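> When I checked Swiss-Prot for this same protein, it listed these features:
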type	residues	note
ACT_SITE	ASP11	active site
ACT_SITE	ASP130	active site
Amino acid sequence: MIKKRVIPCLDVKDGRVVKGIQFQSLRDIGNPVDLALYYNEAGADELVFLDISKTEAGHDLMIEVIEATAKQLFIPLTVGGGIQNLDDITQLLNHGADKISLNSSALKHPELIRQASEKFGRQCICIAIDSFYDKDREDYFCTTHGGKKLTDVSVYDWVQEVEHLGAGELLITSMHHDGMKQGFDIEHLAKIKQLVNIPIIASGGGGNAQHFVELFQQTDVSAGLAASILHDQETTVAEIKDKMREGGILVR
């Protein structure tokens, strides 16, 4: 049985870690390098850096932050946000990223997934999906540009397409759960898992350690992402893992 992962997520804007609720009302959390090293020591299985400054305003890729972090990190580092082409991916991997997360650029140019997978290996390519539930259409649709632009692309169709194109992993953020701390979107995640064979990282809604237990007991996703509850020290990676063990879930 595969051990489940707990992954802190650091949203970085203009060189600082920020966090909001449902992608809005961002507040400053701290220095990304310091926080990354803290989570490395605290037992995190991986780290995700999402450069939302790049997504919003076209800021340069945060190479210096990634390089400084990777030099001292002993766990895998995934980097996403504003990655447009193979050159961007090459630069990030060369400066310390272990995996790359593609979102808007993959929706705009799906062939980028295949090209990146063939060049770097599918294990390096994670497709991030900011999933929005449209009440009128009663279905989930992909968004782009940091959740600001709604598309007509069905999440359930897109996850199957990206797996076919060569994605090695999915990062699914349920936007209406993001920052709400009321639990993961279990039904949505379970349905996605039925459609694909690649690992899924669940994001959006983890408000306490028990929510991670419920996530792994009720779905077959591979990992749970956490941000505000860790940044605000409402719980720790160790406490989440202890609760998971109590629930009979294998952890690293």
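Glycine is treated like the rest: Cβ placed from N, Cα and C.
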> Round to the nearest Å and give the CA-to-CA distance linking ASP130 (active site) with ASP11 (active site).
14
> Which three-state DSSP class does ASP130 (active site) fall into?
strand
> Going along the chain, which residues six or more apart from ASP11 (active site) have their CB under 8 A from its CB?
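ASP11 (active site) has long-range Cβ partners VAL17, VAL18, LYS19, GLY20, LEU26, LEU50, ILE52, ALA227.
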